[in-house]
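**Student:** From TrEMBL, for reference:
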- A:1-49: region 'Disordered' (REGION)
- A:67-89: transmembrane segment (TRANSMEM)
- A:117-148: transmembrane segment (TRANSMEM)
- A:123-348: domain 'ABC transmembrane type-1' (DOMAIN)
- A:160-178: transmembrane segment (TRANSMEM)
- A:214-232: transmembrane segment (TRANSMEM)
- A:286-304: transmembrane segment (TRANSMEM)
- A:329-352: transmembrane segment (TRANSMEM)
Amino acid sequence: MGETPHRSADAGTGGTRVTESHERSAGASARLVEAPVSTRTPGGTGLGGGGALPRARAFGAERGFRGLTLAAGTVVLVIIAAIAVFLVAKAVPAIRADTENFWTFEGWFPNDSEPKFGIGALAFGTVLTAALALLVAVPVALGIALYLSHYAPRRVGTTLGFLIDLLAAVPSVVFGLWGREIFLRPVQDFSVWLNKYFSWIPIFGGEGPFGKSILLGSLVLAIMVLPIITSLSREVFLQTPTANEEAALALGATRWEMLRTAVLPYGRPGIIAAVMLGLGRALGETIALAMTLGITFNISFNLIQNGGNSIAANIANTFGEANETGRGALIASGLVLFAITLIVNITARVIIYRRREFTESAA
Amino acid sequence: MAKRIEASNVTAYYGAFKAIENINITVEPKTVTALIGPSGCGKSTFLRSINRMHEVLPGARVEGSLTIDDQDIYDRDVDVTAVRRMIGMVFQRPNPFPTMSIYENVVAGLRLNGVRKKSILDEAAENSLRSANLWDEVKDRLGKPGAGLSGGQQQRLCIARTIAVEPQVVLMDEPCSALDPISTLAIEDLMFQLKDKFTIIIVTHNMQQAARVSDRTAFFSIEKTGDPGRLIEYDNTQKIFSNPSQKKTEDYITGRFG
Ligand SMILES: Nc1ncnc2c1ncn2[C@@H]1O[C@H](COP(=O)(O)OP(=O)(O)O)[C@@H](O)[C@H]1O
Ligand SMILES: [Mg+2]
């Protein structure tokens, strides 16, 4: 009965209502008013109790907790709303002051007396680097994840999986440094080679110099998002019910066919979530891109020439010397980045939602 | 469309643990054979060694010889996927592919075999669902998820999926143990019809079921935990249930009925 004092204290708070309702009811419940909750503890009439059913308590841990979570949720919403209002209030005057078209102008001079800046090239660079990074990372990540979950001996799979999780914890500035100091060389050589033999394809054209390019930035990004995507998809693949894998094998599937019939479809929502998480990281990546892109302000599909930029990298690079309008302009660019991520996430949700009939029954 | 299975001295291991030892059984085409016996005596293990599903588990292996119409299925040169296509399997718990529609589930095996033509798939889907006594219940919702059906319907869907690839033999591992009595009867009825075309081997815990559906019954048992399971008696079902020649069989059967 150790808990009783605490519990009856609780009950006391809500006591008035309990008593009121009980006064009108039969004798059996009178006992309940005296010890409203003792039936919950072994010392009472017993757990499965012979007595009447105990009343629900008006105030208890349950209600308190509900209030607490509601309050926490409200606070978060209020804070988010406040941030949004603040950002928009900063961004709007800057965009008003822009003497060029904010959407299409290719350049970023918000600190001039006649501010000129446009988001087009930055948004383009952001989306292009992220898309290229995923294009490279997703197939590799899924391949590694499938290998780890279904081909590698269990011990190898666990060890490698752990190493990959470690890789996910490397800070992006380290990737940035590595990218510009070490990885730059081979990418440069590769770019020159591409340019020599494939310059007839516009994305590999140009006169150089090559190196700090969209290609370098995207490859570094790809390596950065690889561990997240691999690690999450591996988890998802491991969760495929054995019964479904065996069903496929028993129908005469080879191992690869089994993966295609049972594992990949089952993991689809999880794969999409993993890719979206990787994409989120790629879109928002700041420092690694600030260190590996060529930082130019033009819209170009050329992947290997020095150049490229992204919204987040531009914020990191120019925030230091920005004046009032400059900061407003950067905030505006941040809002655009937010809009891009939002659209991407909503798209992913729509894709998952469309197939919910199948994925819910899968759970 | 139905073949004869001959197991001689089949012994199966999980790693170092010997689960069954020296099983000898001959199963005639177009019959239903029931495997009965206490839990853990190796019925599932033996069943899974018939379509080479046993070796899917890490460390699991099979010794001895298993032939289907005199062809050794454990031969080095035999393609294991071909064996599994020839010997279909229905599992204890219904396991339709959760991401697939009813239709896709039924034709999954055909797709694995490279069948692409819609007309062939449609026809096979309808025929298999009809054979599984499920067609009337699902014909209007073939595009809906297979996992949305009731347990009994799901199990019949799995049977349809298994017979869609036209195997020679159908193995069933306690196919009714997760089902209610009505669904169980539906599947037992189905077995009577299927034995016109297929050789059926069924593991069951339910003695009445074994007596109702099977032509031949094999009784497995173990001495004590840790020992390998052995085949105690294999005979016509009638004989096993009325006048078994082994004391152990009689004890088991009467114990259960008594
Ligand atoms: N995956 C497994 N790994 C190790 N031992 C197993 C495995 N599956 C079954 N066994 C063992 O093999 C023996 C036979 O099991 P099983 O064939 O499932 O029996 P039954 O189907 O007759 O109940 C049991 O002792 C069981 O513990
Ligand atoms: Mg079993």
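Backbone N, Cα and C atoms are what each Cβ position is placed from, and that goes for glycine too.
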**Student:** Flag the pair the transmembrane segment (A:214-232) / the transmembrane segment (A:67-89) as in contact if three or more Cβ pairs fall under 8 Å (sequence separation 6 or more).
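**Tutor:** Since fewer than 3 Cβ pairs under 8 Å link them, the transmembrane segment (A:214-232) and the transmembrane segment (A:67-89) do not come into contact.
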**Student:** Given the transmembrane segment (A:329-352), which of the listed stretches A:67-89, A:117-148, A:160-178 has the most Cβ pairs that are under 8 Å apart from it?
**Tutor:** A:117-148
**Student:** Which residues of the chain, 6 or more past the ends of the transmembrane segment (A:67-89), have a CB below 8 A from one of its CBs?
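**Tutor:** Contacts with the transmembrane segment (A:67-89): 331, 334-335.
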